[in-house]
């Protein structure tokens, strides 16, 4: 501590954290005198600081370079330095006056299983290869190196595009960013060529004709018949589109006609608001955007190549005109690739080779232009005849590769209920869960076991042919990743995933990150239980300078807009930043009652509203957010809710009629199903009837038998726990 008689340091030598610390004390915050004595600051010096601030003599911007504070202020400055640095400020936040447009990042998806085979892919939906996943992880590192953190993401509805976005956001710790899945960004529809080998088609119909289909701005390939296995109209992901909008074939100009309006109406608006936007799409949809942004003519667009997995970046001036980069080798394009020059040129050369030639095909025939034209017309007519239905079975014979078609829209018959579905699931297990630590709003990842739980849940939902229309999760990565993995198992990458802080786990205050056993030993078992399972008991709050306070986390500073403003936090953070920053009053601790005050309105205004519109919904959240919802949904009292536990990674079906939940039968239940998982000491509060939804195969066996004949199988009524009866074949009664 500073000796009481020592002179006070000059303000210019203290640095911003100490200046704000002194200012906060001088402005009469609680505990100012005691904190001043701890820091070794005299009362007179506090008044002098307050007077200087009141006269508007705020330190110059040079003071905000954060020099090393004097040793006597080291403890205070360390605490305050963490507290007043809520996030890393981006380039555009430092621009004075008019909002600078954000950066546009274009990224072609990673390599798919059909890319190495040189297969026409289009709207078919093959997944990515391990090499493609590695390309996207490298792209994430390139963005981090450049200091780019996309705030909004747009993808197509194809899984290679969506998985690329998922991998990139996870690598950048931005899983909570909104992802808009738009069909307008789908790859060009290659019509009847979809699923066919480029080299095989070139051998049959000639390289020139195939290259016209591939590279021309206006030439369309032969159209796709609706009986074709790759006809997109069969897939649930396009159920919201009028049938006449789903293309049967497209040229590059057609692809632009759907991609450019999306760019102008949505992406440009995000850019104008200062947001960095990431677009993860496909070769031709990205070429269409590049042609539009750079106003490239029809001849030069043929020379534009988009390699997989290398981000291409545009910066814009105030009039949304692209600013030309220093990468002079791209004569017609203003943007720049983020990879090194050598890597970029090698990738472009590879793409150029693939575009100019058909791999595995060489055409040594020399023809005059007239002969070539006549020959091409003849071959094209032969090709069209194949797909006109004149050769029955030709479609199936000519479509190569795996069929990755999502099942068409179905009912909920396999779950034995009518109407929309609500499935509620707690995220998979984390390392904090395994170690018995209070997690709260701390953003920990799934453990290996947690990912496996999420995968098994997705498989179980797939067995029941569950189809979701949307998914709601918290802003925490453990919930988002659980939803992603489950959607992957359902082959439903395209389903919208909506994140909200209102579905976050309960805020545990100062208990966050601490061992539950330790808290029980220090404060006693009774107090520990009240903090952990009580309805209206709050743990000790964190202060606003704690790293656990949500106001110091960028995701909440950016996304929470529906909480009141904190004048104190606004003052201190504005002083630290040297400009006005609006800070909201975020939770520093919560009881279950507090948690319900934010989850219940979200459920009623968003989830319940969409359920009433007939949508099937999956909610993935944390234990206390789910406990609060089930209190309302299952009519559980405040006294009984302390007895309810929610197991990790298990889908629970909410039955609207009985106002209770049910478990899906994975075939491994033996004895009492409620003893397999920990639902607390009173599981009957959640399960008001027999807890299992029979498997679809068993339900078919349970159809009543009208007459018994020698050929029919004898059935008996078998009583199970809970008093219910299940009709089963006699041979299976044991």
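Every residue gets a Cβ built from N, Cα and C, even glycine.
Please treat TrEMBL annotations as automatic predictions, because they have not gone through curation.
It is 52-77, from the ranges 26-51, 52-77, that TrEMBL records as region 'Disordered'.
Its own atom aside, the Cβ of residue 108 (substrate binding site) has 29 Cβ atoms within 10 angstroms in the protein chains shown. Among the recorded positions 109, 187, 282, the residue whose Cα lies closest in space to that of residue 122 (substrate binding site) is 187. Calculated from their C-alpha atoms, the gap between residue 108 (substrate binding site) and residue 282 (site 'Transition state stabilizer') amounts to 5 Å. DSSP assigns residue 108 (substrate binding site) to a strand segment in the three-state reduction.
Here residue 111 (substrate binding site) comes close to 128, 129, 131, 132, 135, 308, 309: these same-chain residues lie at least six apart in sequence, with C-beta atoms under 8 angstroms from its C-beta.
Counting every protein chain shown, the number of other Cβ atoms lying within 10 Å of the Cβ of residue 187 (active site, proton donor/acceptor) is 26.
A straight line from the CA of residue 109 (active site, tele-phosphohistidine intermediate) to the CA of residue 282 (site 'Transition state stabilizer') spans 6 Å.
Proximity of residue 188 (substrate binding site) to non-local residues of its own chain (separation of 6 or more, Cβ distance below 8 Å) is seen for 122, 250, 251, 252, 254, 255, 282, 283, 284, 285, given in sequence order.
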